[in-house]
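Enquirer: Quick one: the structure is below, questions incoming.
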Amino acid sequence: MTTSSIRRQMKNIVNNYSEAEIKVREATSNDPWGPSSSLMTEIADLTYNVVAFSEIMSMVWKRLNDHGKNWRHVYKALTLLDYLIKTGSERVAQQCRENIFAIQTLKDFQYIDRDGKDQGINVREKSKQLVALLKDEERLKAERAQALKTKERMAQVATGMGSNQITFGRGSSQPNLSTSHSEQEYGKAGGSPASYHGSPEASLCPQHRTGAPLGQSEELQPLSQRHPFLPHLGLASRPNGDWSQPCLTCDRAARATSPRVSSELEQARPQTSGEEELQLQLALAMSREVAEQEERLRRGDDLRLQMALEESRRDTVKIPKKKEHGSLPQQTTLLDLMDALPSSGPAAQKAEPWGPSASTNQTNPWGGPAAPASTSDPWPSFGTKPAASIDPWGVPTGATVQSVPKNSDPWAASQQPASSAGKRASDAWGAVSTTKPVSVSGSFELFSNLNGTIKDDFSEFDNLRTSKKTAESVTSLPSQNNGTTSPDPFESQPLTVASSKPSSARKTPESFLGPNAALVNLDSLVTRPAPPAQSLNPFLAPGAPATSAPVNPFQVNQPQPLTLNQLRGSPVLGTSTSFGPGPGVESMAVASMTSAAPQPALGATGSSLTPLGPAMMNMVGSVGIPPSAAQATGTTNPFLL
C-alpha cells in the first residue's frame, strides 16, 4: 500500500465520507494511473440512487475545482464524469448541462510540471470533448446507447464467472486466467477453472500449460461457458491423450476475434462482429416493419374515420336539398289544384268587389268563413225580390247594414222609425221591420254579399230587374198606401212578378216560422213609408226611442174634433156667407140655456156632430173643403135654419 493510499484512507475516516464519496475519491485520486472500469461502473450504478447521486455529483464538482499540481484530480474527474454521462442516470447529463460553464472554464486550464511538460493540455482537450458531447443531443444519445450495451456485456461477464467460482484479481477488470497470471494467482483467487475436472496439467494442452495467450481480447471466456455439454478440456474429450492437434479452446481462440459471455442461451449469440451487425440490421428491419405495420393500421383507421366523416357530411348536405326539392312539387300541386277549381264566370274576375252584379260564387274579400248557402231574408219586403240572400242567424247587422236607397234622400231610412213610433213602442220587431224592407227592396246593400251566401241561377237577372223597378216601387208604394185604408203587401204587382219565377230554394215567412206562423201578425211587421214632410234627428241612434209622442198612423191627418165651447165661441159659424143668414152663436147659447125642450135636440145634435167629425175631416183632407162649410152643409141644426 502506497503512502497516498494510506493518507486517503485516513482522510476518509476523519471526514466521515460516505461509501459513494469514498469511491469517487478513489476513482479521482492523484495516482499516476487512471480510474478502473469496475470502480466507475459501481459509481454509475449508484447514480440511480437519489442520495448517492447528490453525494457523487458534489464530490465530482469539488474535484473539478482543483488546480496546480492536482491536475490529475481534474483530469480523472472529467473522465469519470464522461463515463457517468454515458452509462449513469440521465440526471447526470441534465445537471452537467445546467453547470456547463464550470466545464467550459477548464478549456483554459494551465499547468507545467518541473520537467517543463504541459500537463494542462490533457484537461483542456477533455473539457472540450465533454462540452461538445453535452451540446450535441443526437451524439449523446448514440454514445449513451453504445455505452449501456457495453456495460450490459460486462455485467454478463461478471455473472458467468461468478457461477464457476472465478473471481477477478484485485484492482483489475480482467479475469485472472493463466494468460496473464501464474497458477499461484489462481490459488489466491480461489482456484482455476479446470479444478473440477482434475489437475490443470492434465486438462490443459501443452500450449496452455506454457501460458501462451488464448487471444487478443480481454473479454475471452473459458470454453466451458460456451459449450456446457462438453467438459472443458477434460480427459473425456481426449480419450487417447493425443495433444498433437490443438485443442478446441485453442482453435476457437484462433478463429474468434471477439468472444462473448457464454451460457445455454449463448448459442444464438453472434460469434463475430459481422454476425452481430447482421443480427442488428435484422432486428432493426423487423422493428421497422412492425412500426410501419402499426403506422399503416393507424393510417387506415384515420382514413376510414375521414371517409365516415365525409359521408356523414354529404348526407347532411343532401337532406336539406331533398327537402327543398320535395317542397317544390307540393307547391306546384297546390297551385294546380287552385287552377283546377271551377271559376264563377266573367263576374268573378271583376276588380271591383262591391259591384252590383256580383258573381254567383263570389268569395268574401275579407277572408271570413262562408255561411250556409241558399238562405234568404225571413222578412222579405212587399216591393221586390231580395237582391242578395241574408243569414238571419248571422252577426246582427241591423244597426250597421242600413244602406241608403238609390236616387233617394240619404236620411229617408232614418225617417221611417218616426212614422211608426207608436207601433215600435210595443213591437219588438219594429226596428228590423222598418229598416230592412226599404234596404232590401229598393236599394243595393253594400255588404249584402259579405255573409258568404250563394245566390240562385237567376240572381244576376234579378239585380238588373230590381235596378229598373226601384224607382217605381218607391214611388208607387206611398200612393197605394194613401189611397187604401189597409193595403195587402202580398198582393202587390212587383211581388206577383217575383213570385211567378221559380223560387223553390227561397224561404217564406210561413216556412221559416213553421206551425207558429199564426202567432205572428205579419201585417204589423210591414209598415207604410213615412210622408216626406216629417223628419227626425239624423244623429239619433237607431234603437233609441222617438222624441215625439205616440201618434196613431191612421189618424195622422185628422185634427182634433171641436168641443161645444169651441163651437160656441167660433166666429166662423156666425159669419159664414155661403149658407145664408142665421142666428149667431150667442142666440143658440141663449136658446139652449132658456128653453128646456130643445136641450135633447141640442144633445142629439152635438152627439151627431161627433161621429160626423171624422168623415168630414177625411173629406176635408181628400177634397179640400173648409171644415166650417162642411159642418154647415152636413148638419140639420134647427137653430141655423
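A Cβ is built for glycine as well, from the same backbone N, Cα and C atoms used for every other residue.
Worth saying up front: this structure is predicted, and the values here are computed from it rather than measured.
The omega-N-methylarginine annotation in Swiss-Prot covers R170 and is backed by similarity to another entry. What Swiss-Prot records for S173, S192, S195, S486, S570 is phosphoserine. Residues or ranges marked as domain 'UIM 1' in Swiss-Prot: 275-294. Positions annotated as domain 'UIM 2' by Swiss-Prot, on the basis of sequence analysis: 300-319. Residues or ranges marked as region '6 X 3 AA repeats of [DE]-P-W' in Swiss-Prot: 352-639. Residues annotated as compositional bias 'Low complexity' in Swiss-Prot: 408-421. The feature phosphothreonine is assigned by Swiss-Prot to T508.
Let's see these features in context: how buried, what's close, how far.
Expert: Helix, strand and coil residue tallies for the domain 'UIM 2' (300-319), in that order: 20 helix, 0 strand, 0 coil [DSSP].
In the three-state DSSP classification, T508 (phosphothreonine) falls within coil.
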Enquirer: Near the domain 'UIM 2' (300-319), which same-chain residues lie under 8 Å Cβ to Cβ, leaving out any that are not at least 6 residues past its ends?
Expert: none
Enquirer: Please compute the mean pLDDT of the model over the domain 'UIM 2' (300-319).
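Expert: On average, pLDDT over the domain 'UIM 2' (300-319) sits at 87.
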Enquirer: Just to be sure I understand the packing, how many Cβ atoms besides its own are within 10 Å of the Cβ of T508 (phosphothreonine)?
Expert: 14
